[in-house]
């Protein structure tokens, strides 16, 4: 497999396009195949077995298209499927997890109060429980499932300011935000809400996501294998979705260019 081969990126729907944008910024010569599984969204309310089955189908398709690596741009699919995918395929499988370590490290040893916003399944899975166990003794960590934030993106309602702010208040008004240090956006869909979160949260509260770290991890892995795209290659993105409707295709393109 050559360095000019594409990178496959997938998500339960449209949220992973936020990761594609980061990869395109950091690795502009890479060719990216994006698959959004909007016909089966959301993953966050499915069983781990269902998510694993869907993930294997998608990765198998990427392999058939000659992908040199796959990025699971979905915290939920990472939690449910990444280990088995790595055992089954001989190409790099890059996963994601909520950037809890980044949020806790911001305190430089001081106790941090952190809210992790994610899908219900991500927060229930053993992978997140193990991650949380590493930090919960030294920090105050709140888990906040936010399934409606996924639905708003998938319905194309991201620009409905009143709806979004009302939804955020429903989820976060229960917290003492003035004494919160960070909110972790533990779902790639949620990165599209960054400006809304900034409006909701006091200025001292950091908003943390895992997209930069994921793109950086991909770069390190490809470089170690000698598989970074050649600089003379024109990068690009091909968007595909399990929902064949024109509306989804238009929405995906809008999010890519947002």
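Cβ coordinates are placed from backbone N, Cα and C, and glycine is handled just like the others.
Swiss-Prot lists 74, 187 with the feature active site, proton donor/acceptor, giving sequence analysis as the kind of evidence. Annotation source Swiss-Prot lists substrate binding site at 11, 12, 43, 44, 75, 76, 188, 189.
Structure with Swiss-Prot features highlighted.
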residue : record                             : CB count, 10 Å
11      : substrate binding site             : 30
12      : substrate binding site             : 32
43      : substrate binding site             : 29
44      : substrate binding site             : 27
74      : active site, proton donor/acceptor : 34
75      : substrate binding site             : 34
76      : substrate binding site             : 33
187     : active site, proton donor/acceptor : 33
188     : substrate binding site             : 31
189     : substrate binding site             : 30
Requested in this report: Starting from the Cα of residue 187 (active site, proton donor/acceptor), work out which of the recorded positions (43, 74, 76) are within 10 Å.
Outcome: 74, 76
**Report entry** Shell of the substrate site beyond 11, 12, 43, 44, 75, 76, 188, 189, same chain only (C-beta within 8 angstroms of their C-beta centre)
**Finding:** 13, 15, 16, 41, 42, 74, 77, 119, 122, 150, 187
